[in-house]
Number of protein chains: 2
Amino acid sequence: MSLFTLQKSASSCQARRGELQLPRATVQTPAFMPVGTQGTVKAMTFDEVWELGYRLILGNTYHLYLRPGSERVARFGGLPKFIGWDGAMLTDSGGYQVFSLKDLRKITEEGVTFRSTLDGSKHLFSPERVMEIEHELGADIIMAFDECPPYPATWQYTKDSLDRTLRWEERCLARHNALGGDSTGHLLFGIVQGGSYDDLRAQSALAVSAMDFPGIAIGGVSVGEPVEEMRRITALTTPLLPAHKPRYLMGVGTPSDLLDGIYYGIDMFDCVLPTRMARNGALYTSQGRINISNARWTDEAGPIDPECDCKVCRLHSAAYLRHLHQSKEILYSRLATYHNLAYYAKVMEGARAAIEQDTFPEYRRACYATWGLALPPDA
Amino acid sequence: MSLFTLQKSASSCQARRGELQLPRATVQTPAFMPVGTQGTVKAMTFDEVWELGYRLILGNTYHLYLRPGSERVARFGGLPKFIGWDGAMLTDSGGYQVFSLKDLRKITEEGVTFRSTLDGSKHLFSPERVMEIEHELGADIIMAFDECPPYPATWQYTKDSLDRTLRWEERCLARHNALGGDSTGHLLFGIVQGGSYDDLRAQSALAVSAMDFPGIAIGGVSVGEPVEEMRRITALTTPLLPAHKPRYLMGVGTPSDLLDGIYYGIDMFDCVLPTRMARNGALYTSQGRINISNARWTDEAGPIDPECDCKVCRLHSAAYLRHLHQSKEILYSRLATYHNLAYYAKVMEGARAAIEQDTFPEYRRACYATWGLALPPDA
C-alpha cells in the first residue's frame, strides 16, 4: 500500500486530486488540516471536527512537549488516544515556535536551546530530540526539525540557515530510522526552506526531494511576506518536487490562499486562521469575510451565510451570533469556529470535485468572484 | 389543562413528584433549570442541553433587557426563538441583579432606578415595566418584580422591603393581566420574601398564596446565609403554600441543597453553580466535588467520575480534562459544563424515581453518603 495515490491531475494548471492512506485514516486531497495546538481544535469537540469531514488534524510539538509533556502522552498511548481523536494526526517539529521565541532561544549547529514560555525552564530541541518527542506524541505524520527563517532575511542568512536545515533533516532521518522509521506508523516528512530566494528554494527542493521522505512540505511561507511572494515560491517549488509524493504548504491560509496553493500543485494545508479568526469575530462566507461585530448584523434574522447549510447557519440568525459575540459568550466561539471549519471543508470539497471534473481553474475563478476578490495573475 | 399535576407525595417527608405542563414543554418535577443568563447556557449548545434531558431553562431579564434588548428579542418572536431553544423558558424579574448593583441603584415606591453596567445609561425597573419587558422576552414562566433583601438585614428593613414587595406583586399582577394575563402563554409566578425572619416569611407566604399566581417561588435564599438557615426557611415556608401550585426555590444550589429542597417540598430549582463551578475547575461527581486542577488527576487515565455514563466520562480521561483546564482551553469549559449538567440531571432523575417509589429519604441519605457529607438534622 502506498501512502499517496495520485488520482487525477488538472490539464491546465498544477492542481492534483489524490488520497493519503495514513495509518489512522484515509484523507482525500487536496486537504485542509484544522490546527489542534494544545491537543484540542480550539472550541471544538472531536466529534464536531469529524462530522465536518476532517480526518487529519495538526498538533503542535512545542506546546505539547511543554504541557502535558510528550512522555506523559506516550504513556497514554500517543496523542490521538490521549485526546480522544479517531482520525489521523500530524505534528509539526516545534521549529516554528522555538524560532519565534527570539530573545528566549539560541541556535547552534546542535539545535536550539530555549526557555519555556510556561515556566522559564531551559530546553534543547535538536533534530534527534525532536524525533524522539514526535515519536512519543505518535502522530501519523511527523515533521522534520528545520529552521524557519524570518521575513525578510538576507540571502546569506537564508543560505546558512538552509544548509543547516538540510544537515538537520539528514540527522532527523537518521534518528527517525534508528527509532524504527516509517514502519512505526509515524511517517517523517521533509521540509523545503530557502526564504524568498529562488535559487535557495530550488536548491532546497532538489535536496529534500533526493532524501528518503514519503512527503514534502514547503515551509517558511506565511511568515509575513506579501501573498504574491507566497504564490511565487509555491509555483516555483512544486514542479521541482516528485509527483508521487504529497506536498504540504505549511501554515496556509485564507480560502483564496488554499485555492492558489491547489492551483500550483499543493495537496495539504494547515492554518489557525479559520479557528482563530472565528474567535476574533471574522467569519468566512460565500460572500467573503465578514465581521460579526459590525452593527449591520444586529437585526439580521437570516444566517451569517445564506448559502451555507452548516448546522450553525441552519439553526441560528446572524443577530444571535452577534449578540453572543458582543456578550463574549463561549457559545459564540463554538458556533463561529464550527461555521468557519464547515466553510473551509466546503471550499476544499468543491476544489476536489472541480479537479475531478477538470474544471478547477473555473472553480477558483468563481470562488474569487463570489468573495469579491480579483483573481491574481499567474505567478 | 392545569399547569401542574401533582402525581405523588412522599409519605415521610414533603417531597413531591409532579409534572409542569408549560406552553412550550412538559417538565418532570422536581426539576433543575440550567441558567442561560445572556441567552445561552454558558459553553453549551441548546442541542446539548436538550440531550441532557432539560426542558426548562432560565434567562436573566436584567442582562437581556440591556443586551440585546427586550424589544429586539420581541421582534425576533421572543427569547426561545431568538436563541434557538425548543424547550420552555423562565425569566427572572431582574430584581436580584438590580439590587446587587448597590451604588448604582436607587429604590423608591415606584421601582428601582439603576445605571447599566454595560454603558452607564440610566434605567427604571418598576413592576409595570418589568412585566412589559418579560412579556417581550416571552418566556413560559415570568417572575414578579420583588426586592431581594441582603443577608443579614434587620427585621424592620426586611419588613418594610417585604411590604413593598407585596405591593409590587399586586402591581405586577395588574399589569400582567392588562397585557393579557396567563392566557398569553407567559405564566406569572409570585415570590415569597421575608429574609431570615419566620414571622415575615409566614406573612409573605400567606399573602402570596392568596394572590392569583399559578406558581410560587421562595426568593431571598442563597444570598450568603448559612445553609441551615436556607433549610429552615424552606421547611417553614412550603407547608404554608397551596399544594396544587408548583414551588420554586430560587438560585439553589449544590446537589445536596437540591435534595434538601426536595425533601422540604420544592418542585423547581435554578442555579449557576453547575455551569460556573465547572468553568472554575469544580466538578460534581458521585464521589463528591472534585477540583480538576489538583495534581492527583495529572496521570489519571480513568474518567472524572467512574460511575458516570455521560459522553465526557465515556470519551475522556481525567488527565485530558486537567490538561485542557491547565491550558485554559474552551473545550475544557465545554466538557466540564456538560458533565456537571449531566450529573445534576442524574441526581434529579434519581430523586424523581425515588419519590415514585416512596424511597426519597433513603435516596437522599445514600447520596449524602457517596458525597462524603453528613446528613443534616431535620429543620
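Count begins at 1; order follows the chain as displayed.
Glycine is treated like the rest: Cβ placed from N, Cα and C.
Source: prediction; values computed, not measured.
Copied over from TrEMBL, here are the features:
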type	residues	note
DOMAIN	A:14-370	domain 'tRNA-guanine(15) transglycosylase-like'
BINDING	A:ASP92, A:SER93, A:GLY94, A:GLY95, A:TYR96, A:ASP146, A:GLN193, A:GLY220	substrate binding site
ACT_SITE	A:ASP92	active site, proton acceptor
REGION	A:251-257	region 'RNA binding'
ACT_SITE	A:ASP270	active site, nucleophile
REGION	A:275-279	region 'RNA binding'
BINDING	A:CYS308, A:CYS310, A:CYS313, A:HIS339	Zn(2+) binding site
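Mapped onto this structure are the features recorded in TrEMBL.
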{"residue": "A:SER93", "record": "substrate binding site", "contacts (Cβ under 8 Å, 6+ apart)": "A:THR61, A:PHE125, A:VAL130, A:GLU134, A:ILE142, A:MET143, A:ALA144, A:PHE145, A:ASP146, A:ILE191"}
{"residue": "A:GLY94", "record": "substrate binding site", "contacts (Cβ under 8 Å, 6+ apart)": "A:ASN60, A:THR61, A:TYR62, A:TYR65, A:PHE125, A:VAL130, A:ILE133, A:PHE145"}
{"residue": "A:GLY95", "record": "substrate binding site", "contacts (Cβ under 8 Å, 6+ apart)": "A:VAL112, A:PHE125, A:VAL130, A:PHE145, A:ASP146, A:GLU147, A:CYS148"}
{"residue": "A:GLN193", "record": "substrate binding site", "contacts (Cβ under 8 Å, 6+ apart)": "A:ASP146, A:GLU147, A:CYS148, A:PRO149, A:THR158, A:SER161, A:LEU162, A:THR165, A:LEU200, A:SER204, A:GLY219, A:GLY220"}
{"residue": "A:CYS308", "record": "Zn(2+) binding site", "contacts (Cβ under 8 Å, 6+ apart)": "A:THR285, A:SER286, A:HIS339, A:ALA342, A:TYR343, A:LYS346"}
{"residue": "A:CYS310", "record": "Zn(2+) binding site", "contacts (Cβ under 8 Å, 6+ apart)": "A:LEU52, A:TYR338, A:HIS339, A:ALA342, A:TYR343, A:LYS346"}
{"residue": "A:CYS313", "record": "Zn(2+) binding site", "contacts (Cβ under 8 Å, 6+ apart)": "A:PRO303, A:ILE304, A:ASP305, A:PRO306, A:HIS339"}
Which residues, same chain and not among A:ASP92, A:SER93, A:GLY94, A:GLY95, A:TYR96, A:ASP146, A:GLN193, A:GLY220, have a CB within 8 angstroms of the centroid of the CB atoms at the recorded substrate site? A:PHE99, A:MET143, A:ALA144, A:PHE145, A:GLU147, A:CYS148, A:ILE191, A:GLY219, A:MET250
With H, G and I counted as helix, E and B as strand and the rest as coil, say where DSSP puts A:HIS339 (Zn(2+) binding site). helix
Setting A:CYS308, A:CYS310, A:CYS313, A:HIS339 aside, what same-chain residues sit with their Cβ within 8 Å of the center of the Cβ atoms that define the Zn(2+) site, listed in sequence order? A:THR285, A:PRO303, A:ILE304, A:ASP305, A:ASP309, A:LYS311, A:VAL312, A:ARG314, A:TYR338, A:ALA342, A:TYR343
Here the 10 Å Cβ neighbour count for A:ASP146 (substrate binding site) comes out at 31
Reduced DSSP assignment, A:ASP270 (active site, nucleophile): strand
To the nearest whole angstrom, state the Cα distance for the pair A:TYR96 (substrate binding site) and A:ASP270 (active site, nucleophile). 13
In this structure, which of the recorded positions A:ASP92, A:ASP270 has the fewest other Cβ atoms within 10 Å of its Cβ? A:ASP270
For the C-alpha pair, I'd like the distance in angstrom between A:ASP92 (substrate binding site) and A:ASP270 (active site, nucleophile), rounded off. 10
Site with most surrounding Cβ atoms, counting all protein chains shown within 10 Å, from the binding-site residues A:TYR96, A:GLY220, A:HIS339: A:GLY220
